[in-house]
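Asker: Got a structure for you, questions after.
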Amino acid sequence: MTILTLQSSFSPSRIPVTKHANFDQIPSWVSLKSSTSSVKIEHKQGQVENLHLVSLSKHGKLNEAFEFFQEMDKAGVSISPYSYQCLFEACRELRSLYHGRLLHDRMRTKCENPSVTLQNCVLQMYCECGSFEDADKVFDEMPDLNSVSRVTMISAYAEQGLLDKAVGLFSRMVESGEKPTSSVFTTLLKSLVKPSALGIGRQIHSHVIHAGLCSNASIETGILNMYVKCGWLVGAKLVFDQMAVKKPVAWTGLMVGYTQAGRARDALKLFVDLVKEGVEWDSFVFSVVLKACASLEELTLGRQVHACVAKLGLESEVSVGTPLVDFYIKCSSFESACRAFEKITEPNDVSWSAIISGYCQMSQFEEAIKTFQSLRSKNAAVLNSFTYTSIFQACSVLADCNIGGQVHADAIKRSLVGSQYGESALITMYSKCGCLDDANEVFESMDNPDIVAWTAFISGHAYYGNASEALRLFEKMVSCGMKPNSVTFIAVLTACSHAGLVAEGKHYLDTMLRIYKVAPTIDHYDCMIDIYSRAGQLDEALKFMKDMPCEPDAMSWKCFLSGCWTHKNLELGEIAGEELRRLDPEDTAGYVLPFNLYTQAGKWEEAAEMMKLMNERMLKKELSCSWIREKGKIHRFIVGDKHHPQTHEIYEKLKEFDDFMEGDVFQCSMTERREQLLDHSERLAIAFGLISVNGNARAPIKVFKNLRACPDCHEFAKHVSLVTGHEIVIRDSRRFHHFKEGKCSCNDYW
């Protein structure tokens, strides 16, 4: 007899010991102890002990459960099959392989001929705990197998990507004459997600037909999705067309396939058919169709979908509102995106990331940073790695290394630096802020930098004017087995252009296709035109343009025109200006650079004609803006700016260089011209920088400009660096210029 003592007034006689007892309600404090004064229950019965064991397993108290059944062993009380089942389920849910193995060992020594159901519990436990070696052994030793056994193993193999084992088990199942259940087919179909698995998928489909399960809706949908994931959209469409009843999930599955394959137009046609047939929609349908509209920039159709969303009252749902925001942003309708965002009741991290990305896309970089800072102070849970990448890009454009560094530190703290694009964006940000040491630190910290990171680093050095380092990095990248892409070659050719490396540039262009299997595009040819033009080889540039395998575009002529202006070639400049105006009449460079050439040559009527054309076409030259950071604050200047609090001091500082204006390179005889040059934004920024350093001769002055540095101001910066001894750094729209002791790092290849 087994002697039990209960630790309260709890009476075992009150416990329902029926098969359907509610074991979750059994208190976990019930224990088994030997006592001569306790209630006597025959040990063959053992219901109370097993109820308590089940209770412990239900509460996940595996250690207590194992201690308890050891007491049961001592008392001679056997563990029921249902108790074993509950314990194996607890081990499975808690992923406790240790306890599972102990329990399995005990079951094998204590239980003779365990049921298939119980053995399946063991099998499921090993599979869930990731011990396929144990699972294989149990499966092979099972004398009786049922569909649950096979589905368990097939599912486990499939989920782990062990497709060969899953299919092999399925094949043996078919060969043995056993008819696969629908769950076996659906499990296998879900595991076929790559084009390489298409052949197997077709064979599974044939078995479905043979088994007479084609009318099963879940299997039909599984076959369709399998063909979509394997990239065989023709097969997916055939299955779709043969469906007797097309559920929404089938429509969306095929629409997703079309969208992912770049066939957004087909996806939209399918959506129109869905509407015509009156199929019930769900939120996922809206997400897919809006993505298709965004890829085609189908603003009108997208607005109609939005109207349906509003009619159904789904605008506030984040699953629908977020795709709406993304759609409007990609269609450059930012105001609509903001209105859609405001409708979302609880925006998630994807929603916020989309709207911040939208600010960046609309060049509202400061607003993007403000939104990020507000979010960070209120709710860090809605920040993700994509958000941080967008902010890195914003800081890159604004050349704000101070905020960029703070955001970088915060991203590291939260482990939200994107492993690919985030790190590459950081390299670009530090490079464009002139902090190459920081860019190098990020690059060196990467375990396996991909081609995007290598390209960003090469581009950073090219932009910085370190052509030799950029080319060295390219060769190192290739020696590491990394294959360059078309963007990498843009960076390499840009480095050659800024350093006047004509022969090297031609070499890299010639080897792109021959050695690296990267076909040159018009962008690469434009880089080569820029290389020839900057070096003054204008005839060679013109010949190159005529011999190109494609027609020169607006950028081709713009690069050539820029070279004509730099080297004062009016004859070729007229041709280039005419071609640029023909191809892109909105580009002001097609008017401003010929105007400069005409005025330099004293052809005032022709120059006036350029200004007349600009006025007729209502074009205005982009306003020059320069900025400089001083004590954590950004100071901006535009041409002729007189709004700065220290305007008087700034202009007084510029007057100190009047001797340079009057007698040096420019030989300006017109007072008005000298005053115009003094008003240039970068000169105002340089003057403010000289005031701010307070005589500290070692302090560099770093200025950023939104346009290309003009020749006059370039010479001015060289003169100031010589006279004052200060190193001056100017980052214009093309590159960095380092002025020191009267010389520039660009060697006048600005």
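Glycine is treated like the rest: Cβ placed from N, Cα and C.
Just lifted these from TrEMBL, have a look:
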type	residues	note
DOMAIN	670-750	domain 'DYW'
REPEAT	115-145	repeat 'PPR'
REPEAT	146-180	repeat 'PPR'
REPEAT	247-281	repeat 'PPR'
REPEAT	348-382	repeat 'PPR'
REPEAT	450-484	repeat 'PPR'
REPEAT	521-551	repeat 'PPR'
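Context for these features, please: burial, neighbours, distances.
Answerer: Mean model confidence for the domain 'DYW' (670-750) is a pLDDT of 81.
Residues of the repeat 'PPR' (115-145) grouped by DSSP class, helix first, strand second and coil last, total 23 helix, 0 strand, 8 coil.
Beyond the ends of the repeat 'PPR' (146-180), by six or more residues, the same chain brings 116-117, 119-120, 123-124, 127, 130, 132, 135, 139, 187-188, 190-192, 197, 200, 204, 207, 211 to within a C-beta distance below 8 angstroms of the stretch.
Counting same-chain residues at least six beyond the ends of the repeat 'PPR' (247-281), those with a Cβ under 8 angstroms from any Cβ of the stretch are 217, 220-221, 224-225, 227-228, 231, 233, 236-237, 240, 288-289, 291-293, 295-296, 298, 301, 308, 312.
Beyond the ends of the repeat 'PPR' (521-551), by six or more residues, the same chain brings 486, 489-490, 493-494, 496-498, 500-502, 505-506, 509, 512, 559-560, 562-564, 566-567, 569, 572, 749 to within a C-beta distance below 8 angstroms of the stretch.
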Asker: Please list, for the repeat 'PPR' (348-382), how many residues fall into helix, strand and coil according to DSSP.
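Answerer: Per DSSP, the residues of the repeat 'PPR' (348-382) fall into 30 helix, 0 strand, 5 coil.
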Asker: Based on DSSP, tally up the residues of the repeat 'PPR' (521-551) by helix, strand and coil.
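Answerer: Secondary-structure composition of the repeat 'PPR' (521-551): 23 helix, 0 strand, 8 coil.
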